[in-house]
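Listed in Swiss-Prot:
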ACT_SITE  Glu80  active site
ACT_SITE  Asp108  active site
SITE      Leu28  site 'Important for efficient shutoff activity'
SITE      Leu65  site 'Important for efficient shutoff activity'
SITE      Lys195  site 'Important for efficient shutoff activity and nuclear localization'
SITE      Lys198  site 'Important for efficient shutoff activity and nuclear localization'
SITE      Lys199  site 'Important for efficient shutoff activity and nuclear localization'
SITE      Lys202  site 'Important for efficient shutoff activity'
SITE      Lys203  site 'Important for efficient shutoff activity'
SITE      Lys206  site 'Important for efficient shutoff activity'
Amino acid sequence: MEDFVRQCFNPMIVELAEKAMKEYGEDLKIETNKFAAICTHLEVCFMYSDFHFINEQGESIVVELDDPNALLKHRFEIIEGRDRTMAWTVVNSICNTTGAEKPKFLPDLYDYKENRFIEIGVTRREVHIYYLEKANKIKSENTHIHIFSFTGEEMATKADYTLDEESRARIKTRLFTIRQEMANRGLWDSFVSPKEAKKQLKKDLKSQELCAGLPTKVSRRTSPALRILEPMWMGSNRTAALRASFLKCPKK
């Protein structure tokens, strides 16, 4: 699974996931499914934010990266992907500026158009079950919840899906692609089932030495949302090598 993650996701997303797991004392060599889940969640959050801006009239617009209007205000503030200290600093700043109620748990995004925090969920289970779990944990009407599944289903607070249909379709397509690529490599069942995951981990550990010398193909493209986070954790020499838009899993 670890090899798949490094091949399938942008290196910047992988590094953010590594930092997140390290911050919580988790070993990605052992918890490979969690590693994959964190990378997937990060990518969905960045895709959610990509290309969405607010114009001078306060309207939400979708703008391609190379459009000169890209200097407009970003609609979403990205909180996910930052270390906890910085994330809470961003949340506090938003609350002080907008008057929003401070959430008890760190959300993933803030929507400047709707003036609300957003919690993004990506689930391998039924969307309504995961939605209820999120809602019971957060217990706040001020945090909007939006859940995506790998099967193309979604569920959001009061059926308010925030984004336009095309933007959500991009996210659903990406999740479906990840699922298919996992299935093609025999990883999907272990990703869904903890019991299968333990079996897969043993196989992964045995095959690591055999695969160590193999070349790895990784896309060097990234989303504009990720570029916002780059200065916090990447040197400019590495940043220059990464271009806009999202990667796709390499074919076998």
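Keep in mind that glycine also has a Cβ here, set from the backbone N, Cα and C atoms.
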Among Leu28, Glu80, Asp108, the one of these recorded positions whose Cβ has the fewest neighbouring Cβ atoms within 10 Å: Leu28
Separation of alpha carbons, Leu28 (site 'Important for efficient shutoff activity') and Glu80 (active site) (Å): 19
